[in-house]
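One structure is given here, and the rest of the page talks about it.
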Amino acid sequence: MEARNHTEVSDFLLLGLSDDPELQPLLCGVFLSMYLVTVLGNLLIILVISSDSHLHTPMYFFLSHLSFTDICFTSTTIPKMLVNIQTQRKNISYMGCLVQVYFFMIFAGMDDFLLTVMAYDRYVAICHPLHYTVIMNPRLCGLLVLLSWFIIFWVSLLHIILIMRLTFCTGTEIPHFFCGLAQILKVACSDTLINNIVLYVTTALLGVFPLIGILFSYSQIVSSLVRMASTKGKYKAFSTCGSHLCVVSLFYGTSLGVYLSSAVTHSSQGSLIASVMYIGVTPMLNPFIYSLRNKDVKGALRRLLSQAACCP
């Protein structure tokens, strides 16, 4: 197969989840349902938080941004996959693939940053309750979100610039249902050493350090809870962290699954399953976790529904 410059590569072939034509309607139905539940669930969380003044606090400010990011995160991959299934075509244009890689990295990185910021918010609320409103003021909250967007924007752009210097073979097949950075580097026909070095460094800085920050925040929270005399106070304090802990466990658990399945086992099927959990299942479950485990959100949701019933 002849290698050509990337400017001559018009498209890639996404092999998808399965070649079995009998499975395509089932896959389309399942992923369409997952996507609709994800979008509607996260939109409902945003609506509830914005419409209820009781939830205008730093914790729910970050949660609304997390819901918005989850909507965008799934929207970068699942709609294109559904179109390919319906049209029975597997191609994606070269520029479309780069755009998908770019936005996938942005929203995955923002999920990571927001979960870290939310852990810091819980640390301040439990360990320094008297100074909470002073420390977590609206200016700092806005600055943390803007800084997260700024960092991940430039890191993702750096990866795209490095990809654009690579060459690809005509008719390149990507054994996945979306264009990811790791998949693109694996099918490149030219040397990817610099790309891999930058990938490992940015993963360490933007993946490992936020996780360390989360672990440190919760170590301080646990230490503070141990020193509390009141059992009721301990339960109330820890209950505010329960939803966040579940989401963090899902996010990092599925992220680790994607990494291990692609880097360690080299199993294409295992990588696909882990990616489905990471891209589809986790963002879909987040609204349920925060609505079912959080009394404030459940109360705000009841008030919103009662208002809607009274004022049709």
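The count begins at 1 with the first shown residue.
Quick reminder: no glycine exception, Cβ is built from N, Cα and C everywhere.
Among the features that TrEMBL reports, domain 'G-protein coupled receptors family 1 profile' is placed at 41-290.
The annotation transmembrane segment is assigned in TrEMBL to 23-48 (among others).
If you look up TrEMBL, you'll see 60-79 (among others) marked as transmembrane segment.
Per TrEMBL, transmembrane segment is recorded for 99-120 (among others).
Residues annotated as transmembrane segment in TrEMBL: 140-164 (among others).
Distant neighbours of the transmembrane segment (197-216): 109, 112-113, 115-116, 119-120, 151-152, 155, 158-159, 162, 181-182, 185, 248, 252, 255; these residues of the same chain sit at least 6 beyond its ends, with a Cβ under 8 Å from one of its Cβ atoms. Look at TrEMBL and you will find 197-216 (among others) tagged as transmembrane segment.
Residues or ranges marked as transmembrane segment in TrEMBL: 237-260 (among others).
Annotation comment: TrEMBL describes 272-292 (among others) as transmembrane segment.
The transmembrane segment (23-48) makes contact with the transmembrane segment (272-292): 3 or more of their CB pairs lie within 8 A, with pairs spaced 6 or more apart in sequence.
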